[in-house]
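Chemist: Here's a structure for you.
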């Protein structure tokens, strides 16, 4: 696969992750300012929207699937290092892999029985809201740095080809 195409795909993925991180910041600041109650805010952070899926078992059934923001963020973040590893871009893989590993670890260590990554019963306790806000700002900064690293690699691959 061409290096240019690899970096275009990674750039688009990084851009989507930056937009998602800004959405998290907006929802968390709405929670902090009490524009949303805790349940509404956590539902917005945990769940994206209802999507229709067509299942072809015997007849066509319409199934409502609850898609969460956390899982697509995890998949999109893990996609970049995996894709770069498969295309043998080692240096950029080493830059992007630790953050993906951290998100996978955080998702795997969720307490059983919680509503999701953002639990309405816990978000106001022990400064969790402040911690989530700091994490969202760190995510935006990280995705911004990775975006510019990928943009640099994209320009270098354009010049070399």
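From the backbone N, Cα and C atoms, a Cβ is placed for every residue, glycine too.
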Chemist: Suppose you had to name the range TrEMBL annotates as transmembrane segment; which of 52-71, 112-131 would you pick?
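Modeler: When 52-71, 112-131 are checked in TrEMBL, transmembrane segment belongs to 52-71.
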Chemist: Any residues 6+ beyond the ends of the transmembrane segment (77-105) with a Cβ under 8 Å from its own?
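Modeler: Distant Cβ neighbours of the transmembrane segment (77-105) are 1, 3, 6, 9-10, 13-14, 17, 142, 146, 149-150, 153.
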